[in-house]
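Structure first, then comments.
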């Protein structure tokens, strides 16, 4: 007979099953994250803040794994496959190019001059190990979020709602998940808190829509991990090293600058325009769903 961990027949294609998994995942993700938020908001030492931040970023991933084991008794369906190389290349180079566009504009206008001293460090041979370690670290941290948000939440929501609704709703949930460290910790821009929230919400909403489309179109959560990890590194660390920060440039560049929000909203609209690619035949999930039931 077929059974699941929750005591009823398990059908991975059933909308009711998908809704149940989404609810279980969200409850677990926010419950676990509340522990991370507690330590993040209470941390003052840099090392403690870093550890608590990475733990918090992995809470959605841990919640997703627990949800799958509880509901399916396996770990299938996350999208752990490379898929077509073009999607991985897009995931890597799109955030790099977007960051270059944003920071390049302040370099060229003089709002945030190009930092020659920083460039001498960044483009030296000695920086290569630092670069590689930073990339790996950011990919590891991003994987925790993406396994949860795009590995489980997005494909499960796609089983019972269209792309427009799932993209907006999943992105709104993702944005709300960031609020505690923004409001109560140091995760915000240099300007007033209201400005950080005002630009961060549309920025993360836009990025969430792009990531949802990329996950469903590629069938790969790895693409989402690459996009998220490369964005975090280049927008938070690499390009700022090449920039002489000014009060004006701080309002434009980075995660809490208005330029990221503007660019991501435009790119999100492009993804929404091509929503038919994921609503009518795009590879929403890898072919690892062949059997989700537990035999007994």
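Backbone N, Cα and C define each Cβ position, glycine as well.
Quick caveat, the model's predicted, so the values are computed rather than measured.
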Matching range for TrEMBL feature annotation, transmembrane segment, among 162-180, 276-294
162-180
Counting Cβ pairs closer than 8 Å, which of 22-39, 45-66, 162-180, 192-214, 251-274 has the most of them with the transmembrane segment (87-108)?
251-274
Where else in the chain does the transmembrane segment (22-39) make close Cβ contacts, counting only residues six or more beyond its ends and a cut-off under 8 Å?
48, 52-53, 55-57, 59-60, 62-64, 66-67, 70-71, 148, 152-153, 156-157, 173, 177, 180-181, 184-185
For the transmembrane segment (251-274), find every same-chain residue at least 6 residues outside the stretch whose CB is under 8 Å from a CB in it, and list them.
94, 98, 101-103, 105-106, 111-112, 163-164, 167, 188-191, 195-196, 199-200, 202-203, 205-207, 209-210, 212-214, 235-236, 239-240, 243
